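Novice: For reference, the structure I am asking about is given below.
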Amino acid sequence: MPIITLPDGSQRQFDNPVSTMEVAQSIGPGLAKATIAGRVNGNRVDACDLIEEDASLEIITVKDEVDGLEIVRHSCAHLLGHALKQLYPQAKMAIGPTIDNGFYYDIDLDESLTQEDLEKIEKRMKELAKTKYEVVKKKVSWQEARDTFESRGEPYKVEILDENVSRDDRPGLYHHEEYIDMCRGPHVPNMGFCQHFTLLNVAGAYWRGNSDNKMLQRIYGTAFHDKKALKAHLTRLEEAAKRDHRKIGKQLDLFHMQQEAPGMVFWHHNGWSIFRDLEVFVRDKLNEYDYQEVKGPLMMDRVLWERSGHWDKYADAMFTTSSENREYAIKPMNCPGHVQIFNQGLKSYRDLPLRMAEFGSCHRNEPSGALHGIMRVRGFTQDDAHIFCTESQIQEEVTSCIKMVYDTYQTFGFDNIVVKLSTRPEKRVGSDEIWDQSEEALKQSLESMEIPYEIQEGEGAFYGPKIEFTLYDCLDRAWQCGTVQLDFNLPGRLGATYVGENNERLVPVMIHRAILGSLERFIGILIEEYAGFFPTWLAPEQAVLMNITDKQSGYVQEIVQKLQKSGIRAKADLRNEKIGFKIREHTLKRVPYMLVVGDQEMEAGEIAVRTRKGKDLGKFKVDDFIAYIQDEISSRKLNLEE
């Protein structure tokens, strides 16, 4: 006789084990019709799963924008599998999980799927969903599940059972009419909930993400509760495609990638200009917040990486080389090198906090399938910093780091920032006392600045709690960039100590701090955020001067030289082309200011100024324009509207 407690505190008693759907039906037919699944004592369950003991229950409906939508998307992945097996009976099904904003299914199929094939598959999915057939869940023994998929010729499902499912477990088999899939669930009770979806694209993916395994075909899709939300998402995807940093990078001559150096960036002059301006900006912040800038070696002996613990955890992601019977690893991160710098010379508590920053050139052997333009690379520059401090200094230093993060992001126009605090995991180093003190210090730092945050219980690293900063761009995409991570482990492993007030040797706390993360990735984010319309201070070309006839050529060149001497990235366009043609061309290149000179301007010692978005700013004396643009550059104004 389970007693079910609902979110409003009311209780309902049942004579027999009861399902979420039956509870919903007891409340009303409208709720039952909208019910997708349940959350029993905080755990998601299928609407048909029986509740045998007293429990709290939340009914998940179509209006649930988090769990409800994820369940719909997961069920759409099964629907995709259903359609695929009808159209391609020879296909071998691998996995079909949800991802941010959608789902995918990995399949083993000899023929390569095209966009036309995706349209055919989507059409079949819609035909199936239109029937609103019921999804039937059956819990079976491990052996029965294995026999089921072996008889159906599904080797990937069999492998999952053999390697990932306990023999004592009872896997859930979901019957979609003649199609059967295996999943933890939950899933929708019927396909009437899966009406608003589309397939997006197909790509290659190694089975289990291992390049030693077979390359499968991964079909991506997305789904929403209603047609309006789906349409809005597809519009965002279209806008994202227009803003693709790879496309704009080529258009603006910023960088390129090539097969001979996978995951390594070839920076062109225009792109390197942006990179250097970012470095200058970060250096200004480092000076403002009292950091020392250092530079560590690109590679170090394997012995050091073994002592730091990185060899055990990151060896597969590290590039190595050897010389004179010694093995070296190219650094994937800067922290062990910074500890070596700290260790040079005796340190006192009076020397702390010591803030050490580096534009570290790091390399990680990312899988080739994961590489993506300059967003996911193998060679990158990290705006890394490490703060060595005492336990009593943690809160003050963390607060300073948080201020620096917000100062930086606001300069680029990122105001929507989600903050997450990850607390101690079960397996960890350090005393409970230091964890208590550190977690409280992180909380106090955030609360003192009135910053809302989410707590991720048990998600901290084994060596310390951390704060993560995720910024959202103009398309509402999340980018996790900033991190403030406490470390009670590495300094001790690498022998870092300082002399305390009582002349005892103590191990400092280390704070790992990144703001932009990888400069390459952050530039990619900026390209897509601004669609190539960089603020003037970042723009590779800040002004272009154009003559109307050859008569003004000399005057234009004089002005260009004057602008350049004033620190403005300016150039002349003296081509024998119509002025409208030249303006259009430089507009496409996103040059912030186009300066036009005709006879009238030359005689008056002026220039006609217009922005790349077509706004006419009128005529300026040359010195007045220099003062105008210098103010915009030095103050790092966004000026995105112009």
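The backbone N, Cα and C atoms fix where each Cβ goes, and this holds for glycine too.
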Novice: According to Swiss-Prot, CYS335, HIS512 bind Zn(2+); which one of HIS268, HIS269, HIS386 is listed for that same site?
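Specialist: Candidate in the recorded Zn(2+) site: HIS386.
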Novice: I'd like the number of other C-beta atoms within 10 A of the C-beta of CYS335 (Zn(2+) binding site), please.
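Specialist: Neighbour count, Cβ to Cβ under the 10 Å cut-off: 23.
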Novice: What kind of secondary structure is CYS335 (Zn(2+) binding site) part of, going by DSSP in three states?
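Specialist: Reduced to three states, the DSSP call for CYS335 (Zn(2+) binding site) is helix.
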Novice: When neighbour density is defined as the number of other C-beta atoms within 10 angstroms of a residue's C-beta, which of the binding-site residues HIS386, HIS512 has the lowest density?
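Specialist: Comparing Cβ neighbours within 10 Å for the binding-site residues HIS386, HIS512, HIS512 has the fewest.
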Novice: Compute the centroid of the Cβ atoms of CYS335, HIS386, HIS512, then list the same-chain residues not in that set whose Cβ lies within 8 Å of it, in sequence order, for the Zn(2+) site.
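Specialist: Going along the sequence, the neighbours appear as MET333, ASN334, HIS338, ASP384, ALA385, GLN485, ASP487, LEU490, MET510, ILE511, ARG513.
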